[in-house]
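Student: TrEMBL lists these features:
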- 73-114: repeat 'WD' (REPEAT)
- 115-157: repeat 'WD' (REPEAT)
- 158-199: repeat 'WD' (REPEAT)
- 200-241: repeat 'WD' (REPEAT)
- 242-283: repeat 'WD' (REPEAT)
- 284-325: repeat 'WD' (REPEAT)
- 326-367: repeat 'WD' (REPEAT)
- 368-400: repeat 'WD' (REPEAT)
- 6-30: transmembrane segment (TRANSMEM)
Amino acid sequence: MECGGFVYGVFLEFVFIFFLIISTDVTALVEEIQKGEPLITAPCLEHVIHLVQRLQEKLGEKQIHKFSLFKVLRTHILPLTNVAFNKSGSRFITGSYDRTCKLWDTASGEELHSLEGHRNVVYAIAFNNPYGDKIATGSFDKTCKLWSTETGQCYHTFRGHSAEIVCLSFNPQSTLLATGSMDTTAKLWDLEKGEEVATLNGHSAEIIALSFNTTGDRIITGSFDHTVAVWDVGTGRLLHTLIGHRGEISSAQFNWDCSLIVTGSMDKTCMLWNAVTGTHIATLAGHSKEVLDVCFDYAGQRIATASADGSARVYNAGTKQCIAKLEGHEDEISKVCFNPKGNCILTASSDKTARLWDAATGHCLQILEGHADEIFSCAFNYKGDKIITGSKDNSCRIWH
């Protein structure tokens, strides 16, 4: 394609949007990046500037998409544990106490595959996004399985943990899978060979959260021992232990450029850390009960926290100040996430509703009602035009 269309498309999607704001001088931005980017040749400069200007226009669109209920799916007989979209939102998966993971077509609601073989609860599930051709399932049977999205075939069963697997994640390159277990360890697995690459030993209690950075060379693990550990993926070596929380870790995440780590804890606080040195930067206080989930927006400029006190908060990652309080839920909020554009926040609550909020003002934009029991999981697709909610009422709801 002219000017390497595919390469530029990926480049623009994953680079420019993170530096672009409404007031950015687009020409100056592109020229500055061109200095260190051989892909942007002189003949293509105007084309790239035009594409970035179109992105900037999209960022300037003020209207927030109103979501409506598209489908209700009764996915399993026994309770759900987790739900997840593929990148486009065309497929989603559900894990359950019935020992299966099911793959669904979002548009039709048709069950495409039932991934069977685990001998206990299927608790942790994920697509290898952005590719979406593989699914991983982690179970209370102490094993993890890798599946083909296309055929439903099981490629590998990863054995080695001595207790329940409760969290997992693919690396960005989709060459490794990380699993976290109640046995206090995390393990890295080679997807091609189906073999264990490393065991991450160092925690003194259960690991309940883990996350790769965007380059895939670091992984963090959060534990009930009140600490978060930073590991070198290539060697399996412990680089830093983030000590400071006074309660169990609930959530941990890198920002986009891998410079910061945010952690949430049962001690009612969220902490910000330097990802390179492991030093504590700030404690983000304000919640009156446990912090159950934390996340960065895609640009790494804002942090959202969800709490058992029924509120969520938005903090500026630069100033460390609380810029919005999201109040309105009538029970604890267990999940929070930004839409890809970063202007909207989605929360899931035990009050049986999910809510959409303006990320800048904290104003409630929409209440997603209809579930008959608490909502424990929610997610946007990559485009931000679909939402999935999973509830203890054993149903998934798709919102468009």
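One is the number of the first residue shown, and numbering goes on along the chain from there.
Even glycines carry a Cβ here, placed using N, Cα and C.
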Student: So which residues does the repeat 'WD' (158-199) touch in its own chain, when a touch means Cβ under 8 Å and the partner is 6 or more beyond its ends?
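Tutor: Residues packing against the repeat 'WD' (158-199) from afar: 120, 123-129, 131, 134, 136, 138-140, 142-146, 205-212, 214-216, 219, 221, 223, 225, 231, 233, 235-236.
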Student: Which one of these stretches, 73-114, 115-157, 242-283, has the most C-beta pairs shorter than 8 Å to the repeat 'WD' (368-400)?
Tutor: 73-114
Student: Could you tell me what the rest of the chain brings near the repeat 'WD' (242-283), counting residues at least six beyond its ends with Cβ under 8 Å?
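Tutor: Distant Cβ neighbours of the repeat 'WD' (242-283) are 18, 205, 208-215, 218, 220-224, 226-230, 289-296, 298-300, 303, 305-307, 315, 317, 320.
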Student: Across the repeat 'WD' (73-114), what does the mean pLDDT come to, as a whole number?
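Tutor: PLDDT averaged over the stretch: 96.
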Student: Using DSSP, break the repeat 'WD' (115-157) down into helix, strand and coil residues and give each count.
Tutor: 0 helix, 22 strand, 21 coil
